[in-house]
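Student: Residues or ranges marked as domain 'Ketosynthase family 3 (KS3)' by Swiss-Prot: 35-461. Summarising the annotation, Swiss-Prot assigns active site, for beta-ketoacyl synthase activity to Cys207, His342, His383. Marked as active site, for malonyltransferase activity by Swiss-Prot: Ser654. Per Swiss-Prot, domain 'PKS/mFAS DH' is recorded for 910-1198, and the stated evidence type is sequence analysis. What Swiss-Prot records for 910-1076 is region 'Dehydratase'. Annotation comment: Swiss-Prot describes His942 as active site, proton acceptor. Annotated active site, proton donor per Swiss-Prot: Asp1111, in sequence order, evidence recorded as sequence analysis. Feature annotation from Swiss-Prot assigns NADP(+) binding site to 1440-1485. Marked as O-(pantetheine 4'-phosphoryl)serine by Swiss-Prot: Ser1745.
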Amino acid sequence: MTSLAERAAQLSPNARAALARELVRAGTTFPTDICEPVAVVGIGCRFPGNVTGPESFWQLLADGVDTIEQVPPDRWDADAFYDPDPSASGRMTTKWGGFVSDVDAFDADFFGITPREAVAMDPQHRMLLEVAWEALEHAGIPPDSLSGTRTGVMMGLSSWDYTIVNIERRADIDAYLSTGTPHCAAVGRIAYLLGLRGPAVAVDTACSSSLVAIHLACQSLRLRETDVALAGGVQLTLSPFTAIALSKWSALSPTGRCNSFDANADGFVRGEGCGVVVLKRLADAVRDQDRVLAVVRGSATNSDGRSNGMTAPNALAQRDVITSALKLADVTPDSVNYVETHGTGTVLGDPIEFESLAATYGLGKGQGESPCALGSVKTNIGHLEAAAGVAGFIKAVLAVQRGHIPRNLHFTRWNPAIDASATRLFVPTESAPWPAAAGPRRAAVSSFGLSGTNAHVVVEQAPDTAVAAAGGMPYVSALNVSGKTAARVASAAAVLADWMSGPGAAAPLADVAHTLNRHRARHAKFATVIARDRAEAIAGLRALAAGQPRVGVVDCDQHAGGPGRVFVYSGQGSQWASMGQQLLANEPAFAKAVAELDPIFVDQVGFSLQQTLIDGDEVVGIDRIQPVLVGMQLALTELWRSYGVIPDAVIGHSMGEVSAAVVAGALTPEQGLRVITTRSRLMARLSGQGAMALLELDADAAEALIAGYPQVTLAVHASPRQTVIAGPPEQVDTVIAAVATQNRLARRVEVDVASHHPIIDPILPELRSALADLTPQPPSIPIISTTYESAQPVADADYWSANLRNPVRFHQAVTAAGVDHNTFIEISPHPVLTHALTDTLDPDGSHTVMSTMNRELDQTLYFHAQLAAVGVAASEHTTGRLVDLPPTPWHHQRFWVTDRSAMSELAATHPLLGAHIEMPRNGDHVWQTDVGTEVCPWLADHKVFGQPIMPAAGFAEIALAAASEALGTAADAVAPNIVINQFEVEQMLPLDGHTPLTTQLIRGGDSQIRVEIYSRTRGGEFCRHATAKVEQSPRECAHAHPEAQGPATGTTVSPADFYALLRQTGQHHGPAFAALSRIVRLADGSAETEISIPDEAPRHPGYRLHPVVLDAALQSVGAAIPDGEIAGSAEASYLPVSFETIRVYRDIGRHVRCRAHLTNLDGGTGKMGRIVLINDAGHIAAEVDGIYLRRVERRAVPLPLEQKIFDAEWTESPIAAVPAPEPAAETTRGSWLVLADATVDAPGKAQAKSMADDFVQQWRSPMRRVHTADIHDESAVLAAFAETAGDPEHPPVGVVVFVGGASSRLDDELAAARDTVWSITTVVRAVVGTWHGRSPRLWLVTGGGLSVADDEPGTPAAASLKGLVRVLAFEHPDMRTTLVDLDITQDPLTALSAELRNAGSGSRHDDVIAWRGERRFVERLSRATIDVSKGHPVVRQGASYVVTGGLGGLGLVVARWLVDRGAGRVVLGGRSDPTDEQCNVLAELQTRAEIVVVRGDVASPGVAEKLIETARQSGGQLRGVVHAAAVIEDSLVFSMSRDNLERVWAPKATGALRMHEATADCELDWWLGFSSAASLLGSPGQAAYACASAWLDALVGWRRASGLPAAVINWGPWSEVGVAQALVGSVLDTISVAEGIEALDSLLAADRIRTGVARLRADRALVAFPEIRSISYFTQVVEELDSAGDLGDWGGPDALADLDPGEARRAVTERMCARIAAVMGYTDQSTVEPAVPLDKPLTELGLDSLMAVRIRNGARADFGVEPPVALILQGASLHDLTADLMRQLGLNDPDPALNNADTIRDRARQRAAARHGAAMRRRPKPEVQGG
């Protein structure tokens, strides 16, 4: 009698499953469940060879890839642990293995694991977590759907390597170690994190662990313990100790290969990896429509028992386990055509395993029998030990699924102990199709454990199952991309876009959407991409990834949240031609609604709504517009309803209340159309009457404003900040003008008739009469009325009369609705209410405002994006095919208990290359690392002109190392077969604390290999620094060379002296790079040096040619240059920039000899060199040929952005204690001139005049005489100065100018600022031309005009004076011009008096001061900082931008930058037509974007508006404005004309105001002004430009304080473009275009308000402008400069008193010579003297007026006296200046040749007197007050 099990085994799988379910329900145990087929539905894996999933694994198998490599240095030092002798203590017999990269990387945040716990977790556990998740995704089972289900986890683990690493560092052990390393925690954590309720079992049977785990999982499924199972295993090789132990058994292959079943078998090679499969009962998988990859028909396990040894295999036990599995699978051995064997390649194990295979699968060889192939994945990836079984299992599953048997590697002939001749078994050496067979394809998998546990599994081809095809392709697909954070959503979108455009290009879009929406986990954050086709989907995904707006893309922040939806129906104004056409074609619900409404519409309105929409013509006339809009709104409502979006309340705006009433059920559609038809026809009679305007005023302010206009009424309460008025057109326009003066929005609203106003009154009786019989019903949906405050409006005739006449209470209705509702959807053809809705609801941040259509965008995509935002998809894609989308992209971070390199002194990764990735295509390689000085501090010892720079030797080493690593040379070995050719440094790389570096090795189509080295700018752009070509040549040793014969003799040079000489040229070699220990110059022009790597330089085995050695060798080339030539310039230095070839023949130790040759190139363009390195054995170790040294100027050395950015910040600085009264009076004794504007036509002017009058009364005293004059009356000002100039009893002490306060109009501010600047320059000219001796101090006084706190807007007029203060500090430092901004709300004159009394104390003076209450603030120049993490949008893809001054040098640079960043349209403003050269640039830009040139002066009315209008014409949104217009006319204040001021002022200041006004209604990301460093730092000769720039700076601050986007950059001079060049060559070096672009990207992204960008020359500032020491504004810069040094020690004029006249004259001459050299840009004094005769006029050397001012200022700083500028400009020589200074110092000059100075000085005085006399003849008598 047959058993129950035997009879059950004869049933079909489905019958057995059905019987099992019945018995389970009956509570009966069913022993034959062990026969039920199990489906493999998902795979996840990571194996050597960059295998990251089943697809890449199969590709590796199909290609026959051998992934074995030398042990990576980050595991252990392979050489240090290697010994071929197995008995060697602590050594292993192999250097090889199969390794997975980045095993220290883990996405802890994704799984909610803290960094501390992640560090303690065994990397095997981490990898299992990620791979298990990937396996579930591959299966199409959302991991989050398994929570609470009977899902089991069975995993094989046996390695404890990480525990060993932990134990080695006992101090780092914490509580997490107890859950981080035990094997049970690996499975327990998966079950815990996914909420799984099935069994979680960790299996350790050594090498069979993972296949035993799969067997147990199948059993658990068959026994109904689980419904889904995750099974597999993991193995990582982190420690050398297991390999050492295995070597003692001679188990490891010395050759590092598994030669399975081959005669060359000599042991196995270890591998590592992880594999997880997802299993379900076949019947359940078919029921659930899962994709079945293969079927497990049967499995079995057993043990070897007592055999030849515990670790020795047992052929009989192996045969038995195979037989059991076949029996339980109910299949015959001959039906199996492939066996994935254990096949380790051991001498003992292979013959024993073959014996068992021959006894089972090998039988039956003969006619008609199909052969059976034997394979072992270990030949590809090594023996994965605990993960070996799952690796073989996955290989078998893929093979039966794809019907192909991959070839077995490393097999040539059978092991002599194996006789396969009588069997059907063979080893495939080539990949082949599966043998044809009558039944399904079958394979088997064996895995045998070290402990004796054996496992065998029979795998079968999956049955054909019908997968429900996707329904007809929807007109749109919704792709839901989910992630735990918005950043993860973005990265998932990027990965998916790349896949869809690459490997997944053939996958139908509907299937992609189906897989995303139905088979992926839904996380906390998700976004949706709506698309019609693949291209649109890819573009949407890329936009989502980049954070850029695009129609059809709903990002993570756009989804509606919270309960309660309100449909809001707009009034008139949303109509447009062609509205609804796309919806008619694409949306059946919309088309049906229109069709059903049309008969009623025709009956009530008189024409067809349906035909109107189909025709797409513009609807004209109020009597047609309003009914059509109501019809559209009703149809759109039905469209929303068709997707299940139902309103909880409705609101209507004006006529929109009709639609709201119909939707709420208060009116039928017939009644609603009747109401709107009657209403609109009556309104048509009044067409053209009245006007309406939108005002940026709240209701109270609007009511107050229109109180004076009785015919103007408040028509609409739009939002808390906006209202609409109605009334006669002329009165409405007057109100608009009044509001505009407040710098608030005010504009007409386009209407046919002004409703909600008495104009409507004549038609109201007829409206009530026509609707008198209307019978409204109680609404089924609440209506929130905008006509009455009533909560229950009745939609009768009276209501509709009031609806037309009463003000629209929209703001109140929305506010009321917002209490209980969170989502507001505007129902209209185009959004017209969203701004009012947002303005009303936004303050609490919990509401979502949406619209239905947008006339600028695709109607269907837009609507479905809105649907997605409320959580409804166009198509749920419930049916479709599961496709293999890319798995979740992990955001890996490194977690390790200690630095892995601590296991060996020899670090794993090359320090200048970093992490290595081999690209899957073309064999390219990429490395990434950080070479910043915090990571590589030794690199900070290589400086060029004070800046740490990556040495060319460093780039060369990177090229060598990259080529060696990529081409197979060991990490610590030289590469004599690798030659670096055509090495070139294209751009220097400045180093800061962290400097990321990317190196790429590229294989070209022409078989050439290139290495390219990049950094990345702050804007994300890659910047290439160095390139080289790589050549593989036959291995060769260096040829014999005469240099190798021994040290040469010649002239010895001290290394210390040589390095000191190099420092003079800007090259600084710190301790790590000062490697020359001996230098000998030879007679033939070459040099020989000895190089010893300093202790400060790092040791690392990966260096092929240590950068310190090569750099020292290159220094040796410099050592061949004569000293005089090296030291010839402090402004340029010879640097290596290219090499023809680099060859390294052998290892170079820490000591080497170098022979360097040098050749000068014709024309002085550079020098060529060659070096040979000879090791201690006398062998040539390396050669570098064709070294090109180029002369590099200081300004060409790049600086990090942080070293170029400045700001002016306010610092609280209490005033010093005021001395006793009488001494204080002494400091202010003398004549004072008080100037103010006598006209008081504005409140600000009156305030200033009043304050001036009060000051005069308070300030006058017996010791102080006070004169007054009108600041704008030039004659009066000059007369006042003339009056005081001749008063010896009251010498001039100070001039106080009171400047008018704020105006309500910026236009008035602009004019006042310009006039004030001009008037103050008049004061300056009067002071300079009238007063001799010590100049009176100039005080500029304003009231509340400067912005101190962020919320203070300030006034540009006052702030523009800061530019003048900065310039006068350099042109007339003795005037000590000071701007004081008083707090007019306190006691301003007390503060001012304190300032004036305190002016004489201290060595430095504050030049910009602000009082706020009793707190005193001063402005200080400081280094700026940026926060790039803010990530504000810079340039949006496809958006429009405007650039004023767009045809200038800077303008075109900005245009190119915008186009490079993806701008769609760039509008350039210019005053003239583009030149031919500019046209060429524009033509190139036109190929990538739309470039439009608008001609006109931006300062002229209408031009700015035209620029904005042009930008908007493209349809793209205007997102940014760059105001770069400028005119530069350098002129000293003394000689400035009003026309000069006007020409400079107009484009910069007036143009800025015009652009500000023109963009008032634009939603900009940024508004950027290009200002000048002159307003921040000062620049003699640029007063007009500095003041205009300061006005622009203040306008930007005013915009920010008003809540508008704005930023300004105070640019220093650019090297190739731009106009402001005054300080070039002295204090400021030029900015390169690349540096400027980097600043643009970074500063806009960081959202800074004001930033100066300039290359300030610290070493020359004090020399050129010694007066900055006396100005506290420059305190921080002076402190920096003091450390940089100046002209050397100078004892001052007192030191001259101790010298005899001849020595004093020489000292004065030498000091002035140094000053002149510095000012005129000569780097060596000898250019002036003695090479130039002492009596040669300086004007013949190229001196100009700006230089003359700086020479005078320098003389004052050095000697306390000054030569007149006129003296310098009128032919004075160095001798003449010396004579004048000697005379003023009271020193007798014995040199009669110096008397020429008298003549020149007399001539200068005569001219000054003539000018003074002419002025006197024009002056009226000034008013005099005081004692």
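Placed from the backbone N, Cα and C atoms, the Cβ positions cover glycine too.
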Student: How long is the line from the C-alpha of Gly1446 (NADP(+) binding site) to the C-alpha of the residue listed as 'active site, proton acceptor', rounded to the nearest angstrom?
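Tutor: About 40 Å separate the Cα atoms of these two residues.
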Student: Using all protein chains in view, find how many other C-beta atoms are within 10 Å of the C-beta of Ser1440 (NADP(+) binding site).
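Tutor: Around the Cβ of Ser1440 (NADP(+) binding site), 27 other Cβ atoms lie within 10 Å.
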Student: Under 8 Å Cβ-Cβ from His342 (active site, for beta-ketoacyl synthase activity), six or more apart in the same chain: what's there?
Tutor: Cys207, Gly349, Glu353, Ser376, Ala388, Gly392, Ser446, Ser447, Phe448
Student: According to DSSP, folded down to helix, strand and coil, what is Ser1440 (NADP(+) binding site)?
Tutor: strand
Student: Under 8 Å Cβ to Cβ from the residue listed as 'active site, for malonyltransferase activity', same chain, six or more residues apart: give me those in sequence order, or none if nothing qualifies.
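Tutor: Once residues fewer than 6 apart are set aside, the residue listed as 'active site, for malonyltransferase activity' is near Gly571, Gln572, Val716, Ser755, His756, Thr786, Asn803, Leu804, Val808.
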Student: Could you tell me the C-alpha distance between Ser1440 (NADP(+) binding site) and the residue listed as 'active site, proton acceptor' in angstrom, no decimals?
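Tutor: Just about 44 Å between their Cα atoms.
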Student: If we count other C-beta atoms within 10 Å, could you say which of the recorded positions Cys207, Leu1452, Leu1482 has the fewest?
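Tutor: Least crowded of the recorded positions Cys207, Leu1452, Leu1482, by Cβ count within 10 Å, is Leu1482.
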Student: Could you give the Cα-Cα distance between Gly1470 (NADP(+) binding site) and His942 (active site, proton acceptor), in whole Å?
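Tutor: Between the Cα atoms of Gly1470 (NADP(+) binding site) and His942 (active site, proton acceptor), the distance comes to 45 Å.
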Student: Among all protein chains shown, how many Cβ atoms are found within 10 Å of the Cβ of Asp1476 (NADP(+) binding site), not counting that one?
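Tutor: I get 6 for this one.
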Student: Looking at the active-site residues His383, His942, Asp1111, whose Cα is closest in space to that of Leu1452 (NADP(+) binding site)?
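Tutor: Nearest in space to Leu1452 (NADP(+) binding site), counting only the active-site residues, is His942.
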Student: So if I measure Cβ to Cβ from His383 (active site, for beta-ketoacyl synthase activity) and keep only same-chain residues at least 6 apart in sequence, which ones fall under 8 Å?
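Tutor: Those within reach of His383 (active site, for beta-ketoacyl synthase activity), by Cβ under 8 Å and sequence separation of 6 or more, are Cys207, Cys258, Phe268, Val269, Arg270, Gly271, Thr344.
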Student: Average pLDDT across the region 'Dehydratase' (910-1076)?
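Tutor: The predicted confidence over the region 'Dehydratase' (910-1076), as a mean pLDDT, is 83.
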Student: Among Gly1446, Gly1464, Gly1470, the binding-site residues in question, whose Cβ has the most other Cβ atoms within 10 Å in this structure?
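Tutor: Of the binding-site residues Gly1446, Gly1464, Gly1470, the highest Cβ count within 10 Å belongs to Gly1446.
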Student: May I ask you to report the DSSP-based helix, strand or coil state of Gly1470 (NADP(+) binding site)?
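Tutor: The residue in question, Gly1470 (NADP(+) binding site), is strand (DSSP, three-state).
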Student: Sequence gap of 6 or more, C-beta under 8 Å: which same-chain residues meet both conditions with respect to His942 (active site, proton acceptor)?
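Tutor: Correct list: Pro948, Ile949, Met950, Pro951, Gly954, His1068, His1069, Gly1070, Ala1072, Phe1073, Asp1111.
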Student: Just to be sure I understand the packing, how many Cβ atoms besides its own are within 10 Å of the Cβ of the residue listed as 'active site, proton donor'?
Tutor: 24
Student: Let me know how many other Cβ atoms fall within 10 Å of the Cβ of Leu1458 (NADP(+) binding site).
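Tutor: Within a 10 Å radius of the Cβ of Leu1458 (NADP(+) binding site) lie 27 other Cβ atoms.
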Student: Helix, strand or coil: which one is His383 (active site, for beta-ketoacyl synthase activity) in, per DSSP?
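Tutor: Strand, per DSSP.
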